[in-house]
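Here the structure comes first, spelled out in structure tokens, and everything after it is commentary.
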């Protein structure tokens with residue numbers, strides 16, 4: 001008779017699940033969501049930089065390509081996701097601050113994701129203090145300072161990116177500290193390291209300022225890895241596995257994800273847009289509409305007799321096309337120098353029929369394409385004939401009008417003087433190894449080398465005077481004298497010429513032909529080009545009323561008026577909590593002073609604190625003071641227009657430093673009960689003042705309730721603040 005086996009011990013009924021809940025964490029998280037998400041739709045109008053980011057959100061909704069040189073695309077993707085979830089179709093004109101949103105527009109959804117990120121920064125600060133091995137009391141203090149920081153609340157409640165950046169940076173630090181502090185040897189420990197890598201990629205993907213925090217974290221991780229390598233108690237296999245996991249999670253994963261953000265960006269934004277002309281012809285042709293509509297079905301291979309437009313590969317000052325017109329260079333320039341008085345050749349930044357040129361075989365008179373076409377190869381000698389005037393592209397030993405060190409380029413006119421035509425050009429395809437020896441539309445980068453003088457056709461970038469219609473100067477210059485980026489030309493529009501007579505040819509130039517040709521550019525080529533443009537594109541900087549210097553941030557000498565009601569005194573300002581702001585910077589100075597004292601005394605052989613406490617103190621400095629430095633010092637070196645909100649990521653670390661440093665002083669430096677009680681009273685008093693300051697500035701944080709002019713005047717605690725009074 002068989003005996004029934006008892007259930008294993010782990011399957012004994014009843015099943016019981018034990019859950020530990022940190023009620024303090026739940027409380028501060030609830031308060032964070034309340035302060036950041038309440039009345040999120042107010043005001044129902046465009047607030048400060050929403051006018052900037054909103055334009056990109058609308059372009060995302062319409063899948064129109066754009067470039068934002070301020071940062072990679074993940075931030076815009078996140079903002080666009082919130083808009084998409086709210087049903088926004090992109091049909092809103094973001095033309096001014098204060099413009100009212102239409103009734104059907106879901107403003108709450110537009111602002112939701114930045115507000116969520118801002119709210120989550122508060123519990124992240126709490127957990128970070130715990131991972132730094134400080135008490136729950138210090139963690140609560142850090143969370144309260146973040147919770148009651150008016151500037152963080154304001155920046156979180158609108159269509160802006162600082163709160164998103166801060167969230168990912170704090171999450172990356174928390175994840176790494178969780179990994180480092182974990183005593184478990186299971187693979188689940190590496191889940192935190194993977195989350196750290198993902199968060200680092202997201203931080204850099206939102207704004208390039210996240211890169212500095214990422215580099216700091218890599219530095220900390222490198223030191224920790226070096227210590228792992230030196231641990232003789234660990235086996236060689238264990239050390240290799242740990243180093244490999246760190247390499248993959250902190251270097252490979254962030255790099256792949258960073259590229260993935262661009263893959264999403266370029267996959268979604270596949271329509272022609274306002275920034276097309278900043279990109280190469282090949283990039284433009286890959287977008288729907290715009291140049292792709294013009295170039296669709298163009299012949300791929302340039303042949304003798306081809307009619308082409310030549311776009312300069314130089315990106316500055318503006319994209320332009322080789323151009324000529326029925327106007328000659330002046331006989332003498334303003335400075336007295338003489339010219340050839342031949343037809344002007346320029347670079348014109350607009351589409352125009354005078355941009356068309358014909359590739360001519362020097363050994364033939366015909367200006368039409370043979371059947372079959374005879375392609376132009378690298379090294380071939382050609383002549384370029386201007387389509388509308390039939391002048392040959394020419395250069396000679398005459399100084400260029402604006403660049404006298406270079407040769408003049410002209411459309412040759414025979415004046416029966418001792419100035420023979422020098423109109424032969426050799427085709428030099430610079431990317432032939434990657435593409436082809438045959439000159440191809442859009443994909444080939446070509447240098448045109450003047451046969452007689454070996455000078456290279458280039459865009460100088462200098463604007464001509466009135467006699468040149470302010471168009472851009474084109475010259476011929478020795479290749480070794482100039483930067484290679486200004487030497488290249490790309491065939492953008494292309495057709496096979498069929499007309500022998502000039503009148504027929506002029507009609508043909510207005511009527512492009514089409515031949516079905518499939519032309520694509522790889523994602524990697526687009527990624528590299530877009531990344532390079534974002535890093536090198538120089539937007540024209542202009543002084544802004546609310547721009548400020550980093551020195552003004554520390555003392556909060558400046559503020560920013562984000563929004564003003566059209567008819568009342570209701571308004572929103574980016575103003576920090578003056579009390580917590582001041583305490584935070586005093587804490588930073590106190591830490592640095594204390595660190596110097598500790599280092600000097602330890603050098604002399606005195607250990608005021610234990611090795612464990614010293615290690616904790618150093619780790620606190622690396623995370624808080626180090627993060628403050630990498631998020632503040634770069635702005636001292638920048639020449640771009642910067643604002644108070646750029647300081648908020650750095651400020652968060654000082655709010656983490658304040659309570660943790662106080663705990664260090666309380667535990668290791670104050671031995672007298674009287675001194676400790678005095679510190680308790682001071683801390684309670686400061687927290688009370690922090691709350692009172694927060695509450696006092698709430699009307700300027702949330703824009704409600706409306707204050708009278710006299711009440712607003714009383715809130716102007718600093719004369720340099722710009723508080724607006726609409727009526728008395």
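Just so you know, glycine gets a Cβ as well, placed from its N, Cα and C.
For 299-362, 373-430, 436-494, the entry in TrEMBL reads domain 'MIR'. If you look up TrEMBL, you'll see 12-34, 74-94, 106-128, 134-152, 159-179, 239-264, 578-600, 620-638, 644-666, 678-697 marked as transmembrane segment.
DSSP assignment over the domain 'MIR' (373-430) gives 0 helix, 26 strand, 32 coil. In this model, the domain 'MIR' (436-494) carries an average pLDDT of 85. Across the domain 'MIR' (436-494), DSSP helix (H, G, I), strand (E, B) and coil residues number 9 helix, 29 strand, 21 coil. In summary, the transmembrane segment (678-697) does not lie against the transmembrane segment (106-128): fewer than three C-beta pairs, each 6 or more positions apart in sequence, are under 8 Å. Here the domain 'MIR' (299-362) has, by DSSP, the following mix of helix, strand and coil residues: 3 helix, 30 strand, 31 coil. Tertiary neighbourhood of the transmembrane segment (578-600): same-chain residues 145, 148-149, 554, 556, 608-609, 614, 617, 620-621, 624-625, 628, 651, 654-655, 657-658, 661-662, 686, 689-690, 692-693, 717, selected by CB-CB distance under 8 Å and a gap of 6+ residues from either end. Between the transmembrane segment (644-666) and the stretches 12-34, 106-128, 134-152, 159-179, 620-638, the greatest number of Cβ pairs separated by less than 8 Å involves 134-152. In this chain, the transmembrane segment (74-94) lies in contact with the transmembrane segment (159-179); the count of Cβ pairs under 8 Å, excluding pairs fewer than 6 apart in sequence, is at least 3.
Packing against the transmembrane segment (620-638) from elsewhere in the chain are residues 128, 132, 169, 173, 177, 209, 212-213, 215-216, 220, 550, 553, 588, 591-592, 595, 646-647, 649-650, 653-654, 656-657, 660-661, 664: each is 6 or more residues past its ends and has a CB under 8 Å from a CB in it.
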